[in-house]
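One structure is given below, encoded as structure tokens.
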Amino acid sequence: SVSSIVPESCLLIVVGLLVGGLIKGVGEKPPILKSDIFFLFLLPPIILDAGYFLPLRPFTENLGTILIFAVVGTLWNAFFLGGLMYAVCQLGGPGLNHIGLLANLLFGSIISAVDPVAVLAVFEEIHINELLHILVFGESLLNDAVTVVLYHLFEEFASFEQVTILDIILGFLSFFVVSLGGVLVGVIYGVIAAFTSRFTSHIRVIEPLFVFLYSYMAYLSAELFHLSGIMALIAAGVVMRPYVEANISHKSHTTIKYFLKMWSSVSETLIFIFLGVSTVAGHHYWNWTFVISTLFFCLIARVLGVLVLTWFINKFRIVKLTPKDQFIIAYGGLRGAIAFSLGYLLDYHHFGMRDMFLTAIITVIFFTVFVQGMTIRPLVDLLAVKKKQETKRSINEEIHTQFLDHLLTGIEDICGHYGHHHWKDKLNRFNKKYVKKCLIAGERSKEPQLIAFYHKMEMKQAIELVESGGIGKIPSAVSTVSIQNINPQTLPLERVLPALSKDKEEEIRKILRNNLQKTRQRLRSYNRHTLVADPYEEAWNQMLLRRQKARQLEQKMNNYLTVPAHRLDSPTMSRARIGSDPLAYEPKEDSENLPIITIDPASPQSPESVDLMSEEPKGCGGLPPSPEEDEEGLVMRVKEPSSPGTDDVFTPGNSDSPSNQRMLRCLSDPGPRPEPEEGEPFIPKGQ
């Protein structure tokens, strides 16, 4: 009941305080957490467990934000705190005047880094959402490089008589050497571990040993050259995991998982107990001004750093960090045993104020772990911060995740933007084409990611069924092969097939053979990288564009030259009205330039009786049409009867001029069929 209110790390520190007080009470000297023991034996298991089971997708998606918090935020905290503490020492009286600027900057670099052990201990209990957890925890992991560089830099500068600009530039460059060098060492050992696991199929017992051995060697090699051992361990765990898990057996995977969890839990317990014991056993020098100022400025620097950096980060993030998120990030900056061990490593010869530094560091650790660690859970509930939802990944989710990655990569390629998804796709292609073939044995190297995920889910479900004793009620989702791999003694259950006649069975086979098999042979697996460009695609596009332009031009001509239908009367009714009263349609006086349609009233019902003589657009002859003409539209004129002895066909008339003939040819061409929404022409062409 107590652990539901107080974090386990606080309880362990209290146990350490009680044990240290008991040891001191009986007259013995309590043991002190030595830095060598901490850095060589207690810290690596915790970092390896965090790196090996690191949620890679949220980590890579938020890597930019994590790096800004880890690098810029830690530098800001160190220099802001060191500069203000130097001012406090200059104004704080005779007991603090002798502490110089370099000593204060070194103290600021020690106390400014967020501790991964304390963050893990507290954040795993409150079940915060994945985004906030990976931001705070990722910052605590990656700020190790900054802490190591600043610590060794100021420690070296303390022994110099004069610090030059060249020393500062070299110190700045050493940050890249320490961080990138640690990552490179981790990648090398991760690849070696993955390559070794390819040949361990006949000695499954020692497979977990290689994982621990190469990870520890990566950490020691990085520390040997003063590189970042934490970043080396993280890189080794991240690189080796996908290849090692594809090669090793399921029992070895279970061994690695539970042994790492147990090992990291034991180390975490010992670290917090030793913190309590060392508090009782160590030499302390209490200075109210220095300790209270350190605590106050730590909180101020953390809050200001998170607010300013988040304001800058939100300009580039799609999912913005809300004020609630910023509060949790600022409030979750816990300090822990790494700061205590770095303070314990200080040399009395160069830093005579080491005891006061250790007292202030322990005070800050106790305040962050006890006060902030105990109140962060009620604050998360009070602010209604989104918590982590324990959901099992499904095949459906995996398919849609891969589809969205594929889609976003294609969008980036089309836009010409080389973003996160573009480089991730490049790396996946390189991994699939070259790296998997070298580091994964057998057919597993060619297995698609979705199929591998399905096998993993299938195996997990089968194990849960076996452990729960539900082997007799196996759903169809679990294949018999997986059950045989887990429990070879269990015989597969006989399938009860419905009784089918031979004719019915043959008919079903014929249907399946004629449809499914042809479909399977015809369809090829789609991969956007293997699509062949069509050489005729450009020509087809040009041809389609030309056809579309020609069709639009024809429609414009057709709409311009075709007389629109009367909205009230159909052509038949118009012809009947003209035939019944031809004198009502006498030509107007001012209608020389209007289109003329002559009507033969002899037989108004026959289509041939309508003779199209001339249809000239309004405004011809250089004169613009008058408003009255616009309203009058077309004017009907009665055809003059031919004189006796003349031939209507062969005798040339006024309408046989070349321009009129061109107009007649243009009008005789019906053109493309009008769209359904357009009306039929007023005078249809004679059939």
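Glycine is no exception: its Cβ is also placed from the backbone N, Cα and C atoms.
Positions annotated as coiled coil by TrEMBL: 502-529.
Residues or ranges marked as compositional bias 'Polar residues' in TrEMBL: 652-662.
The feature domain 'Cation/H+ exchanger transmembrane' is assigned by TrEMBL to 6-380.
Sequence annotations record features per position, and here TrEMBL assigns domain 'Sodium/hydrogen exchanger regulatory region' to 477-562.
According to TrEMBL, the feature transmembrane segment maps to 6-25 (among others).
Among the features that TrEMBL reports, transmembrane segment is placed at 37-54 (among others). If you look at the transmembrane segment (37-54), the same-chain residues 6 or more away from its ends with a CB under 8 A from one of its CBs are 116-117, 120, 137, 141, 211-212, 215-216, 219-220, 223, 229-230, 233-238, 240-241, 256-257, 260-261, 263-264, 266-268, 270-271, 274, 337-338, 341.
Long-range neighbours of the transmembrane segment (66-89) within the same chain, counting only residues 6 or more positions beyond its ends whose Cβ lies under 8 Å from a Cβ of the stretch, are 59, 96-97, 99-101, 104-109, 111-114, 134-135, 138-139, 141-143, 145-147, 150, 289-290, 293-294, 297-298, 301-302, 304-306, 309, 312-313, 329. Summarising the annotation, TrEMBL assigns transmembrane segment to 66-89 (among others).
Here TrEMBL flags 101-122 (among others) as transmembrane segment.
Residues or ranges marked as transmembrane segment by TrEMBL: 134-154 (among others). Residues 47, 50-51, 55, 58-59, 62-63, 65-67, 69-71, 73-75, 78, 102, 105-106, 109-110, 112-116, 119-120, 123, 171, 174-175, 178-179, 182, 226-231, 234, 328-329, 332-333, 338, 342 of the same chain, all 6+ positions outside the transmembrane segment (134-154), place their C-beta atoms under 8 angstroms from a C-beta of that stretch.
Here the transmembrane segment (166-196) has long-range neighbours at 145-146, 148-149, 152-153, 157, 160, 210-211, 214-215, 217-218, 221-222, 225-240, 243-244, 247, 438-440, meaning same-chain residues at least 6 beyond its ends whose C-beta is under 8 angstroms from one of its own. Sequence annotations record features per position, and here TrEMBL assigns transmembrane segment to 166-196 (among others).
Look at TrEMBL and you will find 216-239 (among others) tagged as transmembrane segment.
Taken from TrEMBL, the feature transmembrane segment covers 260-282 (among others). Residues of the same chain lying 6 or more positions beyond the ends of the transmembrane segment (260-282) and with a Cβ under 8 Å from any Cβ of it are 9, 12-21, 23-24, 29-33, 38, 41-43, 45-46, 48-50, 52-53, 117, 120-121, 336-337, 340, 355, 358, 362, 365-366.
Per TrEMBL, the feature transmembrane segment maps to 288-314 (among others).
Under the heading transmembrane segment, TrEMBL lists 326-345 (among others).
Taken from TrEMBL, the feature transmembrane segment applies to 357-380 (among others).
Non-local neighbours of the transmembrane segment (288-314) in the same chain are 64-65, 68-69, 72-73, 76-77, 80-81, 84-85, 88-89, 92-93, 96, 107, 111-112, 320-321, 325-326, 329-330, 333, 335, 356, 359-360, 363-364, 367; each lies 6+ residues outside the stretch with a CB under 8 Å from one of its CB atoms. Counted as Cβ pairs under 8 Å, contacts with the transmembrane segment (357-380) are highest for 326-345 among 101-122, 216-239, 326-345.
Sequence-distant contacts of the transmembrane segment (101-122), counting only residues of its own chain at least 6 positions beyond either end whose CB sits under 8 Å from a CB of the stretch, comprise 7-9, 43, 46-47, 50, 74, 77-83, 85-86, 89, 136-137, 139-141, 143-144, 146-147, 150-151, 154-155, 157-158, 230, 268, 271-272, 294, 298, 301, 332-339, 342-343, 346, 351, 353, 357, 360-361, 364-365, 368-369, 373, 376. Beyond the ends of the transmembrane segment (6-25), by six or more residues, the same chain brings 118, 121-122, 125, 268-269, 272-281, 366, 369-370, 373-374 to within a C-beta distance below 8 angstroms of the stretch. The average per-residue pLDDT of the prediction over the domain 'Sodium/hydrogen exchanger regulatory region' (477-562) is 64, rounded to a whole number.
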